[in-house]
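These notes are about the structure you will find just below.
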Amino acid sequence: EEAIFLRKKITLLRAFSLLIGSMVGSGIFISPKGVLKNSGTVGFSLVVWFACGLLSMFGALCYAELGTRITKSGGHYIYILETLGPLPSFLFLWAEFFAIRPANSAVVSLAFGRYMLEPFFAPCAAPVPAVKLVSLLGYYMVLTLNSWSVTWSARLQTALSVVKLLALALIIVPGMMLLAQGHTENFQDAFDRESLVLDKLPLAFYAGMFAYSGWFQASFVREELVRPERNLPLAVIISVITVIVGYMLTNVSYYTVLGTQDVLASPAVAVSFVQRAFKSLISVVPVLVALSCFGTMNGGIFTFSRTLFVASREGQWPPLFSMIHIRRHTPLPAVMLMFPLVTAMVCVGDIYHLLNFFSFSRWLFIGLATLGLIVHRHRHPELHSPFKVPLFVPVSFTIICLFTVAMSFYSDPVSISIGCTTVLTGFPVYYVIIHRQIFLPFFPTLSDYLTHKLQLLLEVVQQEIKTY
C-alpha cells in the first residue's frame with residue numbers, strides 16, 4: 001500500500017558508527033603481526049601504521065568529494081562507472097563479488113570465531129573446525145539481521161561501535177600506564193635498518209590498510225544518508241582521525257607489553273596482550289574483540305548489498321538484485337547473494353593468505369576510483385561540489401595505491417597472480433554478456449522465469465521512487 005524504496009535512515013551518528021564499526025574490527029587485533037613481520041622492526045611498523053592512517057585519510061577525503069559530486073549509492077563501483085566507464089566498473093564488480101568481498105568477509109568471520117572461542121580453550125588454541133563453525137554462525141546471524149531491518153542493522157552498528165572503542169581503551173590504558181612507569185625496553189633499536197626488507201613493505205602496507213579499511217563504507221549508502229552533502233564529509237573526517245589516534249596508541253601499548261617475538265608468535269595479539277598485562281580481564285577482552293569483528297561483518301554486508309543493488313539497477317547485474325522486500329524495505333536478494341562464497345572461503349581459507357589475495361584487487365580499484373575523481377574534475381569543471389579537496393590529495397593517493405599494487409607482485413607473486421587472474425576473467429564475461437549481449441536461445445526465457453519465481457518466493461519488487 002506504500003511506495004517501495006530505500007528510506008533515508010542513516011543520520012550523522014549512524015554514518016559515524018558505520019565507519020567506526022567498519023574500520024575498527026579484526027584488523028587492529030590481527031594485523032599488527034602482519035605489519036611487524038613485513039616491516040622488520042617496531043619503529044618501522046609504527047611508521048607503517050601512521051602512513052596507512054594518513055593514506056586512508058587522503059582516500060577518505062577523495063571519496064567524500066566523489067560522494068558530493070555523484071549522488072548515487074554504490075561506492076567504488078558507481079564512482080568508476082561514472083568516471084571511467086562500464087568496462088572497469090564491471091571488472092571491479094566481478095573481482096569484488098568473486099574475490100574481494102568474500103575473502104574480506106571470511107577474514108573478519110574467522111577472526112570473530114577465533115576470539116569468541118579463545119576464553120573457552122585458553123591457554124590452548126581453539127580447534128580449527130570449531131573456529132570455522134562459530135565464524136559461519138556469526139556471519140549468518142548478521143546476514144539475517146540485514147535481511148530483516150535497515151533500522152536494527154544501523155542500531156546494532158551504533159551499539160557495537162561503543163564496544164569497539166571500549167575494547168581499544170582496555171588495551172591502551174594498561175599499556176600507557178606501563179610506558180609512563182619507564183618500561184621502554186621493547187623500543188630499543190626500534191629502527192634497525194638491517195631488519196628492514198624493502199620488497200616486503202607492500203605486504204606490510206596491505207596488512208595496515210586492511211585494519212583501516214572501511215573509511216569508504218559511507219559512500220556505499222549515499223542515497224540513504226540524511227543530508228549527505230554535509231554528513232558524508234563530516235562523518236569521514238571525524239571517524240578517520242579517531243581511528244588513527246586509537247590505532248597508534250594501541251600499537252604502542254602492544255609493543256610496551258609484548259616483545260617483537262611475542263607479537264610474531266601470537267595467533268591472537270590482543271589475547272596475548274591481556275594474558276601479560278591484565279589477567280583479570282582475560283575472558284572479557286576476547287569477547288569484546290569478537291563483538292568488534294561482528295560489527296565489521298554487519299557493516300560489510302550492509303554496504304556491499306547496496307553495490308549489488310546499484311549494479312543491478314545500472315544493468316550490469318541480474319535484475320533480481322535491484323529489488324526490495326515489500327514490507328522490510330531491505331534489498332533482500334542482494335543481501336543474501338554472498339553467503340555461498342563466504343561459506344566456502346571460511347571453510348578452506350587461512351587469514352593471512354586471504355588477506356594478500358583480496359588486497360591486490362581492492363587497492364587497484366580504489367586507486368582507479370580516485371583517478372576517476374581527477375578525470376571527473378577535468379571533464380566537468382562547471383560542476384559545483386560542496387566539498388572539494390586539493391588536487392595533490394587524489395594525485396598522491398592514486399600514485400601510491402597503483403605503485404603498491406605493482407610492487408606487491410614481487411612480494412607475494414602467487415596470491416597476487418590469483419587476484420589478477422580473477423580480475424582478468426571478467427573481460428570475456430563483459431564482452432559477451434554486457435557489451436555484445438550474446439545469449440543462448442533459451443537464456444532470456446529461463447532468466448525471466450527464474451526471476452519471476454524468486455520474486456514471488458522472496459516477496460520483492462523493483463524500487464518505485466528514485467532516491468538520487
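Note that Cβ sites are derived from N, Cα and C of the backbone, with glycine treated the same way.
Some features that TrEMBL has for this protein:
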- 12-30: transmembrane segment (TRANSMEM)
- 42-64: transmembrane segment (TRANSMEM)
- 76-100: transmembrane segment (TRANSMEM)
- 120-142: transmembrane segment (TRANSMEM)
- 162-183: transmembrane segment (TRANSMEM)
- 203-220: transmembrane segment (TRANSMEM)
- 232-250: transmembrane segment (TRANSMEM)
- 281-304: transmembrane segment (TRANSMEM)
- 332-354: transmembrane segment (TRANSMEM)
- 360-377: transmembrane segment (TRANSMEM)
- 389-410: transmembrane segment (TRANSMEM)
- 416-434: transmembrane segment (TRANSMEM)
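Here the listed stretches are 42-64, 120-142, 203-220, 360-377, 416-434, and the one with the most C-beta pairs under 8 angstroms to the transmembrane segment (389-410) is 360-377.
Contacts between the transmembrane segment (203-220) and the transmembrane segment (416-434): absent, as fewer than 3 C-beta pairs lie under 8 angstroms at sequence separation of six or more.
Here the listed stretches are 42-64, 76-100, 120-142, 360-377, 416-434, and the one with the most C-beta pairs under 8 angstroms to the transmembrane segment (232-250) is 42-64.
The transmembrane segment (416-434) is not in contact with the transmembrane segment (42-64), judged by fewer than 3 CB-CB distances under 8 Å for residue pairs 6 or more apart in sequence. Among the recorded stretches 42-64, 120-142, 360-377, the one sharing the largest number of Cβ pairs closer than 8 Å with the transmembrane segment (76-100) is 360-377.
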